[in-house]
Amino acid sequence: MLALNAISKRYGDVSVVEPLDLVIDEGEFFCILGSSGCGKTTLLRMIAGFDRPTAGRIMLDGVDITDVPPNHRDVNTVFQNYALFPHYRVYDNVAYGLKVRKTPEAEIRDRVAAALELVGLSGFERRMPAQLSGGQQQRVALARALINRPRLLLLDEPLSALDRKTGEQMRQELADLQARSGITFVFVTHNQAEALSMASRVAVMNRGVFEQCSTPFELYQRPQTRFVGDFVGSMNFFQGVVTEVSPDRLGVEVLGQSRIERRGASDLAPGDTVVFGLRPEQLRVSLLAPKDYENGFFGQIERTLFLGEATQLSVRLKSGERIDVKVPNYLMLEDKVMGLEQNEDVWVVWSKGSGVVLHA
Amino acid sequence: MSAQLGRRNDLGLGQGLALKLLTAFCMLLLLAPLVVLVVYAFNDSRQVTVWQGFSLKWFAVTLQDREIWFAFRNSLIIGGLNAVLATILGTMAALAIARHRFAGRQGFLNLLHYPVLLPEIIIGIALLVLFVLLDVPRGFGTVVAGHVTFSFPLVALLVLARVGAMSRTLEEASLDLGASRWQTYRFVILPALAPAIVSGVLFCFTLSLDDFVITLFTASPDVTTLPLKVYSMVKFGLTPVINVISVLLILFTLTVLLAIHWLQKEGPHQRWGIRLAGVMVAALAVLMATSIVAERRQETLVIANWADYIDPELLREFESSTGVRVIMTHFSSDEEMLAKVSFGRPGIDLAMATPVSMEILRKSGLIVPFDGERIPNLRYIDEDFRHLGSDPTGTYSVPYAYGLNGILYNTRMVEGPITSWWAMWDERYAGRLIMLNDMMEAFWLAHHLLGYRLQDQRLDHLDEAYALLKKQRPLLRKYESDLVNDMLLSHEAVMAQAWNGQAHKLSSEHPEYRFVVPEEGASLFIDSLVLLASAPNPDAAHRFIDFLLAPERSSQNMEAILYPMPNATARALLPPEIRDDTTIFPAGVDGKRLNIMSDPGDFRRQIQGRWERLLAE
Amino acid sequence: MPEHRQALLGGRAEISILTLPPFVWLLVFFLVPVLILAALSFSPAGMTVEVFRTPSLEHYRQSLDPFYLGILLRSIGYAASATLITLLIAFPAAYFIASSPPRRQVWLLFLVFLPLWTNLLVRLYSFKIILGDNGLVNQLLQALSIVGEPLSLIYTPLAVVVGFVYWNLPYMIPPIYAALERMNPSLLEASMDLGASRAQTFRHVIVPASLPGVTTGVILCFVPTLGSFIVPDILGGPESMMVGNVIAAQFGQGLNWPFGSALATLLTLLVTVGVTLYIRYGEPGSTAAREARA
């Protein structure tokens, strides 16, 4: 439905978006995830028509809209700070898109009522934007965009200005709203939790390029670059060398020991230098040496950090490196993980196959 | 997206062609007058509207004009004092409003808006009335008081915006770290406000430098500022000197702005640059203070006079021989002179009065008799002029010069010869006629043409005269006394009621202009010097008059101003081409047809009301 | 502001030190003189300045005479038309400047302020050169054979209005520019995004956003223009006399201070109403404060 063909954006000598391709299907909840300055907002603004791509084309339903001004694109945007017109009441804000298209008054009234009901703000018509809470303004912005029944709804960090609880609640509602309306959403955020919880597909963007574009599960489980592994969730990284490649096994030598793993980049060959990644929550500590279906490191507990829903242990390995382990709290005895003291020697253990092998 | 509108604008909003053209038009309107001013400053011609080739001569003329330098210096002093005082008061007011809660705070804040927005003329006349009532002599102090009054509220509003934006936590941090309130002001609040304060200082300085209206009402004649000087130049003639002044002003502002910009830029120059600037400003201040002190010590003589009505050479001679500085303040009508000398302590010694104004001044006790003993040269005054109706004893006035009005016209554009005043009602010249901006002259002429006498003070005659003038009104370009020659030269007018001396200046250089005394007769004026009761320096006034009446000086003076003086000895000394000039000394003028104006008394208000109507309609 | 903060901020002495000098100054050199002026307006006409003796209303009766009332109305008419024309010229320019790249904004604003570098009298005088019968406009029109005889431009109401517009432009553009520049640019994008054309966006978003600046600019132009006397004095003919000229004339050749005071008092009242409205509704600060309270 939406296709970006090699679009890029440069401001003078600075390249903000490198040439990139993307196809988004009807009904998708597509998310672009990246830290600030990665080019994600620029990409969104090019789709909306606010910024012109330096090169490349934007196709919507097979029609080239690269040169179509934003007011003639069947695309609407929910802005980061909502951009509600401060001098209009809620009603007039929501009605704006219909009013400027000269829709009959009666139809406007019905559709505004429906749109406000959709976002749960019936009865707020007469309020001014300044009299609404952040969450309410957010909903008005949504209603204002959705009332136009766009082919594509763009959302630019819509939850970042909300407090955490409201933000989490809005995630649910957004996902529901998207499912109910069937409109394709393109959502830009720097918050991985938002991306993972709502999106059908996520593109991780870094320095103007897509690092990886896949389902949230894939993204988490099978990151394809070190950046993705680190940015989505967190990961312990080690240097390694590939020792063996076969269809269902991957041998890597890490810290002088050979490990057998399964997941990793597909184009590895023996002798390649790689990065070996382990997620803290897929590790456990044990006083016993790993079984043969497991891999492990031996080290000493250096520090304990209570996180609330879990506890994080920093284990100093014999080789001097450190590895973080996240231990669920049901393993707590009083305030100690399994009764372990600081400086106690432990094994850090994981199932073979939970490690990730990536290009260095 | 906290970027401003202009920062990221791929939509090209507000950058359309129509908008570009409109903006270009607006900029043209803003800048064209400046460009014209600058370009014509380098014009060779005296005529400001005609380009005659590049020349720097007007710069030389301007820079050699002592009066302009004095005016500029006065403006700098007043601007400096205003900048300091207004900035201090304004900052105090801003801090009080921004940082404290007290009863009447909102009222105080609102009050600050009024001096900023009230028309300047109201503040000007209100202060004038105050100073007159309190009998405060006008001078530097009164002008500065006026300037501070309208500029410090502006500073307050300016600084207030800045204080509002300043975080409170700065002050709290300072107090938390053990600083006293005073130290907090000294080390935290004032430095944080420095940019606003600096721009406030500059702002006040510029306001002062630019102010005309309030200065007009609060200054005394010896405290002329640059705008006052420029105003009298604009009023009394068009000369490229004004263009030059504006070029110099622009350069001055540019220099100051660049210097400040340079000082604000970070860098090694900053330290010594600020010191250098400080030293220069201090040196300038000392220089001005000493020049003012020196000037205050110097004896001065202030004379209210018509423009170009005395030979400047004579003034210079008097100054160098006596050490008394002579200051001229100009007026353009008899009534304006009365206004200048009548109220409070205007600081004027001598005034040039007509019989009418002399009578008013004498009746109101505003003038005192001269001491004849101290003016031996009085003996040269023609006997006929010693005892005028308005001064029977001949002690209150010293006749200075006399003249007639008549019609001055361009022979190439008017079908001549002109012999009658009715030519001034000729519809063929509609829109290109000028009458003197003189109420009494206008109404006298109308009465005279209708066969009435103004002295009879009859309302029905007055109304007829008014009707006659009203009929003439649409034909007139303007009632104008000062720029008559300029307007005739530029062909803005073709025929004008004019005084003979003025007329001679034009006709002697441009023979196509002719002056006639119409057959119906004309008004004769006699100007006399009078001594004001409030004169600060009556002694110098006596010495000056005696100096002026010496026949050789009178003759020199006559040659300069081209009006006859009642001094037969002096007249004999004139070069023949002037002595025999029929414009200056019109021949065949029968004494019976000449009118000498007298004071209409309370009837004046009747005339005044109709005159204002004429002016406005 | 929370109560506990007040204690921190110095006591009565500090408030007095900060407030008294500016307040006393305003009292002595502004409030009292304006009141004296009002009192003087009830005195009989004459050449002496006496206040509170034989009060009379004669000057107010004279002020309301159709002739003077006409001048007052004409002044309002001039001020209103000059303000409107200024607004029409200033708005597009302010909008263009606000939407220009930052570097160009600096230059354009510099040009807007440039005229303030030199004296107003001198700038008005320049219009004499431009609009005179032999002036540049007429020279140009004649060179292009658009007119044969020079047009009478100077000393006409037209010249006065042109002078006012020129005088006011540097005061009208900055507030409108500031209001537009302050505007959140995503409002414009939102409007376009929702399907509004450029014209619709202009009407529904840009104009409302500019209103605080427009209000400020209009007041900053209208009020001084209403009381101006220099501009008609230098550029105007007798028929463009305004109330400021009449007042000045009463204090000058008219020799009737009490009548001048009466006119000045009427003008003061008129302007005070305007200023009060401005303080209540004009400033963006106070408007925002009122909205927050609502």
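Every residue gets a Cβ built from N, Cα and C, even glycine.
Feature annotations, courtesy of TrEMBL:
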type	residues	note
TRANSMEM	B:21-42	transmembrane segment
DOMAIN	B:72-260	domain 'ABC transmembrane type-1'
TRANSMEM	B:76-99	transmembrane segment
TRANSMEM	B:111-134	transmembrane segment
TRANSMEM	B:140-163	transmembrane segment
TRANSMEM	B:184-209	transmembrane segment
TRANSMEM	B:241-260	transmembrane segment
TRANSMEM	B:272-294	transmembrane segment
Near the transmembrane segment (B:76-99), which residues from the same chain, at least 6 beyond its ends, have a CB less than 8 A from one of its CBs?
105, 108-109, 112, 140, 143-144, 147-148, 151-160, 162-164, 171, 189, 193, 197, 200-202, 204-209, 215, 223, 225, 284-285, 288, 292
When counting Cβ pairs under 8 Å to the transmembrane segment (B:111-134), the leader among B:140-163, B:184-209, B:241-260:
B:140-163
Can you name the far-off residues of the same chain, 6+ from the ends of the transmembrane segment (B:184-209), with a Cβ under 8 Å from a Cβ of it?
75-76, 78-80, 82-84, 86-87, 90-91, 95, 147, 150-152, 154-155, 158-159, 161-163, 166, 170-171, 173-175, 226-227, 249, 253, 256, 260
Within-chain partners of the transmembrane segment (B:21-42) [C-beta distance under 8 Å, separation at least 6 from its ends]:
48, 51, 54-56, 58-59, 240, 243-244, 246-247, 250
Can you name the far-off residues of the same chain, 6+ from the ends of the transmembrane segment (B:241-260), with a Cβ under 8 Å from a Cβ of it?
34, 37-38, 40-41, 43, 48, 58-59, 61-62, 65, 68, 198, 202, 206, 209, 226, 230, 233-234, 277
